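Now, the feature entries from TrEMBL:
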TRANSMEM  18-43  transmembrane segment
DOMAIN    63-214  domain 'Peptidase S54 rhomboid'
TRANSMEM  64-87  transmembrane segment
TRANSMEM  107-130  transmembrane segment
TRANSMEM  137-156  transmembrane segment
TRANSMEM  168-189  transmembrane segment
TRANSMEM  196-214  transmembrane segment
TRANSMEM  220-237  transmembrane segment
Amino acid sequence: MGRPLFYEIVEKPATSCIIGICSAIWFYTSCMIGICSAIWFYIQKRNFGYSHVGLSYENAIEGHHWRIITSAFSHISVIHLVFNMSALWSLGVVEQLGHIGLGVAYYLHHTLVLVVLSGALVLGMYHLLIQRFKIEYFRSVTAVGYSCVVFGWMTILSVKQPSSKLDLFGFLSLPISFAPFESLIFTSIIVPQASFLGHLSGIVVGYAIAWGLIHGMNNYWAISMLGWIVLVFVVSLKRSGAYDFDFLEIESVTDPSLPSVRFLGSGRTLQTSSLPVEGVEIV
């Protein structure tokens with residue numbers, strides 16, 4: 001008989017929290033979609049769905065940089081959610097490998113890196129394909145899902161602990177050393193909507209972390225990075241018009257291309273640099 005679930009949750013606290021967040025976001029999104037389906041005028045007014053949280057090249061160049069975060073934690077269906085969370089649960093063994101330099105802190109620090117860099121890399125690939133190869137399909141395709149991070153952790157574990165196995169749904173087991181590319185090919189074949197570039201970006205960032213090309217992450221840098229993510233998230237939400245923060249006002253100062261961020265009531269101003277749906281891909 002297997003160990004009680006409670007002990008598994010205690011040993012994988014970070015993984016359990018991330019699974020809870022992804023599940024809660026998917027449940028909230030599903031409820032909103034259900035309400036929209038039942039109330040026609042609400043659909044017309046809000047039309048809430050994956051297109052409102054997913055990541056696309058079009059949205060990114062319009063300033064919706066916050067979608068790098070929301071797209072990672074959102075899922076298009078319960079099957080999509082279950083598949084990603086099942087793989088993530090198995091990969092949570094990283095939290096138990098503190099003796100080889102991994103562990104909970106390593107897991108949290110590099111999950112943050114994987115979310116941001118894999119999303120940025122996807123946009124970079126889209127830009128190259130659109131601008132250099134003139135493939136306009138990638139301009140409007142929308143990607144959602146946590147698979148970028150899942151593939152990243154598959155890759156890291158395949159390098160750090162090649163003897164491990166990836167368990168899916170409790171009965172399917174894959175050698176972790178081959179899991180990244182096996183899963184990349186498998187999902188691309190059986191799931192036409194699967195984002196090959198999204199999964200590949202997770203693998204690329206995963207190897208960069210595992211081989212030490214991205215290193216030096218500690219609590220200081222993780223907290224600093226998180227702070228900048230929150231700032232960019234809030235400012236891009238405000239500037240894109242996706243959400244109106246009453247306490248925040250953005251106005252141009254000195255250079256018209258550089259916006260300033262003013263917190264109403266405090267008198268403080270911060271100047272930051274400015275960056276210049278037809279399909280959906282599951283990641």
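Yeah, the Cβs are placed from backbone N, Cα and C, and that goes for glycine too.
Remote same-chain partners of the transmembrane segment (137-156), defined as residues 6 or more beyond its termini with a Cβ less than 8 Å from a stretch Cβ, comprise 18, 22, 50-51, 53-59, 71-76, 80, 84-85, 87-88, 91, 94, 110-111, 114-115, 118-119, 122, 125-126, 129-130, 166, 176, 179-180, 183-184, 187, 194-195, 197-203, 205-207, 209-210, 277-283. Long-range contacts of the transmembrane segment (196-214) within its own chain (CB-CB distance under 8 A, at least 6 residues past either end) are made by residues 110, 113-114, 117-119, 121-122, 125-126, 138, 143, 145, 147-156, 158-160, 180-181, 183-184, 187-188, 281, 283. Sequence-remote contacts of a segment are chain residues at least 6 beyond its ends whose Cβ falls under 8 Å from one of its Cβ atoms, and for the transmembrane segment (64-87) they are 19, 21-23, 25-26, 29-30, 50, 53-56, 115-116, 118-120, 123, 142-150, 154, 166, 168-170, 183, 229, 232-234, 236-237, 240, 242, 275, 280, 282-283. Averaged across the domain 'Peptidase S54 rhomboid' (63-214), pLDDT for the predicted model comes to 90.
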